[in-house]
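Report on one structure; see the data block that follows.
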């Protein structure tokens, strides 16, 4: 779950999946036949998901239901190395506009009616595009070098 994205988290947060986990710990279903170690692990996972994924309400609802039914008596203690770290933010599609300061300056220059500001914006756009071309050339060269190394390794 640590390295999974939002799509996977939403799949885990669906009732179909959560119901299967509830069946494992609930005495109505498989709870009598499942070892205590497995039950503790499932409860621990559900609790850690409720803490780490607050936007997935169904996970929290499922955990609260287990508490109301008396299946979970207290919140488990989760070691720090087992806690979920939220996924990193999605990177922007175009890295040219990563620099916020430049993007704000460009937006301000483009909104201006002054011809000098528009010329400055044009220069800024050209420099940003040139930097992107240089970056793309480096990426292309890196990919080409890796392919060459791969081919040499195969030989």
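The backbone N, Cα and C atoms fix where each Cβ goes, and this holds for glycine too.
Note that the structure is predicted; figures quoted are calculated from it, not measured.
Copied from TrEMBL, the annotated features are:
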DOMAIN    1-74  domain 'VHS'
DOMAIN    99-155  domain 'GAT'
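Helix, strand and coil residue tallies for the domain 'VHS' (1-74), in that order: 47 helix, 0 strand, 27 coil [DSSP].
For the domain 'VHS' (1-74), the model's pLDDT averages out at 85.
Applying DSSP to the domain 'GAT' (99-155) sorts its residues as follows: 52 helix, 0 strand, 5 coil.
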